[in-house]
Amino acid sequence: VSELIFVSIYSSEFCMKLYVDPINYWKDGYNLLDVIIIITVFIPYSLHKIKGKHYPYLHIADGIQSLRILKLITYSRGIRTLITAVGQTAYTVASVLILLFVLMYIFAILGFCLFGAPDRGDLNNWGNLAVAFFTLFSLATVDGWTDLQQQLDDRNFALSRTFTIIFILLASFVFLSMFVGVMIIHTEDSIKKFKRELMVERHVTLMEEKQVILKRQQEEVSRLMQTRKNVDYKSFSELVEIFKKTLRHTDPMVLDDFGTSLPFIDVYLSTLDNQDTTIYKLQELYYEIVHVLSLMLEVLPQKEQSQSSEKVDEK
């Protein structure tokens, strides 16, 4: 019953979206994903009606219905952001994977030539090119590489350790790290873009709410002014008090004043700190001036006494 309800709701949603916008519906990638999911959902029913319930591949079609969980992608903007980041890295990741494939191809040929000799070589791991690729994949993922190296050491291959170390350094530490780095960079860019979009949407929502509030308040003011013409109020303050009663505590307020913004407060506090530093420096300069003046006052009587003594001697 739940499956039938799910299919019914899903199909109804598809029909309504297609009816509302039949042309632009096919331009959205997530809508195409919905169409693919709908097709996979109806495949088991079609096979059951055409081939019968004993069709040998019917269980495969039933397993494909697990793709219905992908429907959640269209309802989550966070998941869509990550998928967009993965899609943006497709070209770069493909280049990294091609380089990794070229590296593995070169080392697969080297490993086959060095360790895949028919007489005393390791045929299970290096016997042919396909087996060598699988062995190199295990080395690239650093999964059980010690067992692979031990098998080469048991056969006394001189260059086996050098070969293994160089390949692990290039494949695991360079190419796989490059792959992870590319994914992280594009994911961060997508997350930043997603946050900017959310901020823009919130700003637009606040501005719309503000316009609604202002319009309602203007209507209230106009109504009160019209009422004042008909009824003689004692004072204008009475009109203001009546207008205050029309305001709602739940109305959101948008603070556009520069003095209430966080950047202004930050700059203001920094200015106060600089002002305190300047006052401290001025105090130090003031003390230095006072000290110099005191020294000058101490030296001045000595100069006057020397001048008076000189005059006495001359007389």
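Just so you know, glycine gets a Cβ as well, placed from its N, Cα and C.
Database features (TrEMBL):
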| type | residues | note |
| --- | --- | --- |
| DOMAIN | 3-184 | domain 'Ion transport' |
| TRANSMEM | 29-48 | transmembrane segment |
| TRANSMEM | 93-114 | transmembrane segment |
| TRANSMEM | 126-145 | transmembrane segment |
| TRANSMEM | 165-186 | transmembrane segment |
Checklist entry - Are there at least 3 C-beta pairs under 8 angstroms linking the transmembrane segment (93-114) and the transmembrane segment (165-186), leaving out pairs fewer than 6 apart in sequence? => result yes
Item to check | Long-range Cβ neighbours of the transmembrane segment (126-145) (under 8 Å; 6 or more residues past either end) | outcome: 100, 104-105, 107-109, 111-112, 114-116, 164, 167-168, 171-172, 175-176
Checklist outcome for this item: Same-chain residues at least 6 beyond the ends of the transmembrane segment (29-48) with CB under 8 Å of its CB atoms are 7, 10-11, 13-14, 17, 55, 57-58, 61-62, 64-65, 67-68, 70-71, 73-74, 80
